[in-house]
Structures are given as C-alpha cells and as structure tokens.
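For reference, Swiss-Prot has these:
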BINDING   T16, R179, S250, H251, K252, V253, S254, T255  UDP binding site
REGION    106-111  region 'Substrate protein-binding loop'
Amino acid sequence: MKLHLTNLYGMAGDSTVILAQNAVQKIASQLGFREVGIYFYNIASDSPSEMNKRLDGIMASISIGDILVFQSPTWNGFEFDRLLFDKLKDMQVKIICFIHDVVPLMFDSNYYLMKDYLYMYNLSDVLIVPSERMKTRLMEEGLTTKKILVQGMWDHPHDLSLYTPAFKKELFFAGSLERFPDLQNWSQDTPLRVFSNKGEASSSARSLSIEGWKKDEELLLELSKGGFGLVWGTHQNEGESNQYYTLNISHKVSTYLTAGIPVIVPSSLSTAKFIVDQGLGFMADSLEEVHEIVDKMNLQEYQEMTNRIKTFSYLLKEGYFTKKLLVDAIYHLGID
C-alpha cells in the first residue's frame, strides 16, 4: 500500500492555488507521500476518450488499494475531477479529499454545481474541510461522509532566516486591491503598505503605498521587519458569495504569522476567535477600528505578542498543521 497526493501545475507562479497545493505536497513528501502531478488545462480540448487516456496516465503510479490525498479542486472542472474519482474508486483506492475551495460556494453563479461536488465529497473515505463552519454548511447541503477532519490553519513552509519584528505602527496588505475596494480608499493615519501589481489607489486615498508584488521569500523578509498584517473581506465584490469568507480559511493569515507579526482580521473570518484566543492578533469590524488598534499599541504589548507568535510561527514554518492532518487522516482510514 502506497501513499499518494495530487499536486497542481500550470497556473501562474503567484497563484494562491498553486502555492497552497505545492506547499502541501512539499510537507507531505516528508511523510512518504508520492506526488501525482495534475496539469491545469482547458478540458474542452479533450474528447471523452482523450480525457480518459489522460487520467490513465495521471494514475499510472497508483495501484489497487493505495491511499490518495486528493487536493480539491483541480480547477480543471468538475467533469475532470468526477471522472478521476470514479476511476480511483474502481481501483478500490482510499481517497482522502483535502478541500482547499468549495467552488459552488465561492461564487453565487456556481451554486448549481453543488450536487456534483457533494457526489465527490461523499465518495471520499475521509474529508478534510477548512473550518467547522464549512463542515456544518456542507452537512446542511447533503454531506454524508462520516470521517471529517477540520484544517483550521494553512502552513507556510520556508527555510529563511527572518528578522526579529520591530515595533512599527504600520500595516501590510498582501493581495490584489481590485478585490478589496475599501482598501483602495484607505484614508486612516496609519500607513498601509500594499504588495500587489493589481489595483490602484483612489484619488481620495492617503497614507497608502502600493509597492508591487513580491516573491514569497521577499515578502516574508519584508514583513518580518515589523508591523501588522491586515486581512479584509471582499463583501463589496459583485458575484462573490457574501458568506464564503466566513467558511474558508485565509492564506494571508498564515503568511503574516509565519513572518512573526500580529494580524488584524474581520470578526466574520472563520479563524478570528482562534487568532484572538491564542494571542496572535485582533478582530476589527471597520477600517477605523483597524487604525485604532495599531494606534493604541505600545512597545511592551507588541513585544509580548510577537514573542507569542514566534512560537506559533514555528508550527507553520515546519508544516505541523498539515502533517497532523495527514497523519490523522490515515489513522481514521484504519478505524471505524
């Protein structure tokens, strides 16, 4: 019996999708998982026969009765994913479905796909969901899989020697401003530094600097010099589900914490309570409140918080959340 894990290729190097799947693969390889590479492509170019042959090639290293962690979705469409699931089940492969995103819940226009995704989730022997809220929502939609694990936090593996964060009353935001209209109008006194090539500041914005996209190594080093990491909602964007942000977990949270700095998140974020309870950051319901949190912080409080985060960031750096998930998932395969 061998262990396998799918890993996506073919998207832009700065894609969160690619970065997340590649990070899981890197961590899983330390536990003996073998990579099953899947290339992102336009499935419309395949006839049913060609897709079938493509999947046979992808599955060539998998034997009857093996264990596969399927990082979901592949972004090749549910037809591709569903056929792969069916072929794996024909080979009596034990499937651990590691959900990164639930496509029918991301955008209102995709909700019609819910039955197709539930079909795959319900075929899974073990399901890994992002949060307790997502677990509850999927069960309301018709999820019947009994063995369900909750991820809770993304890891962010790296081999860098980071700085010790200095106390700075400034905010960082790593992400496209196009998806966060509120931040394009930033007008608080606290400086906001944005690392993105997408989106522009409005004419009324102040204390806002857009510094361009940075590679992961550059970003972590810059963040680790000190300040606060900001995570914000996308509720103003047409077509995006208002609830999705409350169900999924944020990669940005892990990036900031891995760099060793406190985070400020919306209270609606699925991990908000955990962040506050663990002393890793703060909740805020408005950008004015975000500014007030930073403005009222003092050196002693900041150092106490970053000392706490230093211990937690080691877990993310070394991939312990993912390692525990994968070990627990395999354990649950063997027990009733």
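Glycine is treated like the rest: Cβ placed from N, Cα and C.
Feature map: Swiss-Prot annotations on the structure.
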| residue | record | contacts (Cβ under 8 Å, 6+ apart) |
| --- | --- | --- |
| T16 | UDP binding site | H251 |
| S250 | UDP binding site | W154, V231, V265, L269, T271 |
| K252 | UDP binding site | A174, G175, G229, V231, V263 |
| V253 | UDP binding site | M153, W154, G229, V231, V263, V265, L269, T271, I275 |
| S254 | UDP binding site | M153, W154, D155, H156, L316 |
| T255 | UDP binding site | H156, A174, L219, L220, L223, G229 |
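Least crowded of the binding-site residues (R179, H251), judged by neighbouring Cβ atoms within 10 Å of its own Cβ: R179. Per-residue pLDDT, averaged over the region 'Substrate protein-binding loop' (106-111), rounds to 92. Per DSSP, the secondary structure of the region 'Substrate protein-binding loop' (106-111) breaks down as 5 helix, 1 strand, 0 coil.
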